[in-house]
Amino acid sequence: MSILSGYNLSTSPFLLTGFPGLEQFYYWIAIPFSSIYAIILLGNCLILHVIRTEPSLHEPMFYFLAMLAFTDLCMGLSTIHTVLGILWKFSHEISLDACIAQTYFIHGLSCTESGVLLAMSFDRFIAISNPLRYTTILTNIKVVQVGLIILLRSALSILPVIIRLKFFHYCRHHILSHSFCLHQDLLRLACSDIRFNSFYALALVICTLLLDSLLILFSYILILHTVLAIASQEERLKSLQTCISHICAVLVFYIPIIGLTMVHRFGKHLSPLVHVLMGNIYILFPPLMNPIIYSIKTKQIRIRIQRVFFFRRD
């Protein structure tokens, strides 16, 4: 009898958590969240459209920006059905297979975005240190190769832990902590041996997110060293201004990750609402802010977007 009940529990769907204590306000909360997702989808599609249709933007810096926009677009698409499904009260349930698939895309896309930000930092270093040889060093073939390496690293590195999730026995109550599926959330509900997943996930974070952040920091040390060697103060400021958008994108990506990690590690006494809010910030803030940052701070993108909206030719 106990085996049968355990089997039924293990194969039952998972329940996603919305905003605890605010269930009566879900329709009101759904309006700003729907607006956020609309901005994510339209903003990143607009960035991709502008880069694709404008020949003057066909250079490495904007190819990497297109990779970032596509990654953010996919992140929005991977969570929109569960987040808005809860808030509009369509469904709170998700099957194990769908949950594992969403976990794969969320963590894989986070790894991809980290890799793209790293590539963009070295792109800025090459552009500042070797401006005359910039396009000869970063040819289209090399940009494609870098993109494929980033994609393969993200797609393959997390497969071992994702595949194992399918074969775990989930004997605890199937209530997830967020409105989407995360690897650490599924581990919390598993009654199988999760040591490999725990150690592998920690090693993966160190080898990807932490290493990428350190390499980004190192690239900016090199950039600063190069800029300080420039005699003209005006040229120094001009060189640094080309990095502002990227610095903002890096902060927008890593600060929510650090915040969510701190909440999971040290905030067990906090309200579940805090965990849910931090989880949604981690998922939605970078895809929301990156198109806004690059639309405002990057002159070439800003001018092309104005042409799109106001039908301007100049």
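Cβ coordinates are placed from backbone N, Cα and C, and glycine is handled just like the others.
Quick look at what TrEMBL lists:
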type	residues	note
DOMAIN	43-294	domain 'G-protein coupled receptors family 1 profile'
TRANSMEM	25-50	transmembrane segment
TRANSMEM	62-84	transmembrane segment
TRANSMEM	104-122	transmembrane segment
TRANSMEM	143-163	transmembrane segment
TRANSMEM	199-231	transmembrane segment
TRANSMEM	243-267	transmembrane segment
TRANSMEM	273-294	transmembrane segment
Distal contacts, the transmembrane segment (25-50) - CB-CB under 8 A, six or more residues away: 18-19, 57, 65-66, 69-70, 72-73, 75-77, 80, 83-84, 86-89, 284, 287-288, 290-292, 294-295, 301, 304-305, 308
Sequence-remote partners of the transmembrane segment (243-267) [C-beta within less than 8 Å, at least six residues beyond its ends]: 68, 110, 113-114, 117, 120-121, 124, 128, 184, 209, 213, 216, 220, 223, 274-275, 278-279, 281-282, 285-286, 289-290, 293-294, 297-298
For the transmembrane segment (273-294), sequence-distant contacts whose Cβ falls under 8 Å of one of its Cβ atoms, 6 or more beyond its ends: 17-22, 36-37, 39-40, 43-44, 46-47, 65, 68-69, 72-73, 75-76, 79, 83, 106, 113, 177-180, 182, 245, 248-249, 252-253, 256-257, 259-260, 263-264, 267, 301
Spatial neighbours of the transmembrane segment (199-231) far in sequence, C-beta under 8 Å, 6+ residues away: 110-111, 114-115, 117-118, 121-122, 124-125, 128-129, 153, 157-158, 160-161, 183-184, 239-240, 243, 247, 250, 254, 257
